[in-house]
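Notes follow the structure.
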Amino acid sequence: MMKTLALYGLTLALFFLSGAHSAKITFTNNCPRTIWPGTLTSDQKPQLPNTGFVLASKASLTLGVQAPWKGRFWARTRCTTNSGKFTCETADCSTGQVACNGNGAIPPASLVEINIAANRGMDFYDVSLVDGYNLPVSVATRGGTGDCKATSCRANVNAVCPAELQVKGSDASVLACKSACTAFNQPQYCCTGAFDTARTCPATKYSRIFKQQCPQAYSYAYDDSTSTFTCSGAPDYVITFCP
């Protein structure tokens, strides 16, 4: 019995010394239609137990994420199952299932990116339109210390999306807005090759459209100064689609 207690105490001590804690991430769907959020863990780490799920209008769901953790979240729209294969018209992850199983969203997709620190250290989080836009989204913290400001892209970017960036549905409505990188695959838009630094890859007329609509969100790869947010002390997070 004493040996069991000693081992339990050692395990508990190692747990706290390692800085392990679990952050709660709550997803809320304020959109008028059902969405299918997806999750992707970065850095070749194991995926979360739940990599995709259905979320009805006005519904919420909470996932626990063990720190340290880094990854992204998005929502798929207009999804259907035909002949046993699940597909979505925007932000599909191409698994044929609701679960994304380590696949990311096919652009365009509005993203929430979170880097949860160990030792209750400084987390980083953002809303990113680097891969384009499909839905309004926000992320806010609960608890934590420091700045801990909410960030969002609340605008309907689809309404002002240039024709050359538009993704249209079968009914001719604009479902999503591509990034210039996705649309044209040119290094000056993708910040690659000779354009792979902040100095050589400035904002473009296309990224400025995203920035004008959503000033807090990343509009292209080097849009860090106004788009990255921080919070320390092991906060929880609330991600709201159509805030």
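Just so it is clear, glycine is given a Cβ too, placed from its N, Cα and C backbone atoms.
Source: prediction; values computed, not measured.
Swiss-Prot annotations:
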- 1-22: signal peptide (SIGNAL)
- Cys31-Cys242: disulfide bond (DISULFID)
- Cys79-Cys88: disulfide bond (DISULFID)
- Cys93-Cys100: disulfide bond (DISULFID)
- Cys148-Cys231: disulfide bond (DISULFID)
- Cys153-Cys214: disulfide bond (DISULFID)
- Cys161-Cys177: disulfide bond (DISULFID)
- Cys181-Cys190: disulfide bond (DISULFID)
- Cys191-Cys201: disulfide bond (DISULFID)
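Locations of recorded Swiss-Prot features on the structure.
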residue	record	CB count, 10 Å
Cys79	disulfide bond	18
Cys100	disulfide bond	26
Cys148	disulfide bond	18
Cys153	disulfide bond	26
Cys177	disulfide bond	27
Cys181	disulfide bond	23
Cys190	disulfide bond	19
Cys191	disulfide bond	18
Cys231	disulfide bond	25
Cys242	disulfide bond	18
- [ ] Might you list, by sequence position, any residue in that chain lying six or more from Cys161 (disulfide bond) with a Cβ less than 8 Å away from its Cβ?
- [x] Tyr133, Val174, Cys177, Ile209
Open item on the list: Restricting to the disulfide-bonded residues Cys100, Cys153, Cys190, which ones have a CA within 10 Å of the CA of Cys201 (disulfide bond)?
Closed with: Cys190
Open item on the list: Cβ atoms within 10 Å, counted per site: which of Cys31, Cys88, Cys93, Cys201, Cys214 has the most, among these disulfide-bonded residues?
Closed with: Cys93
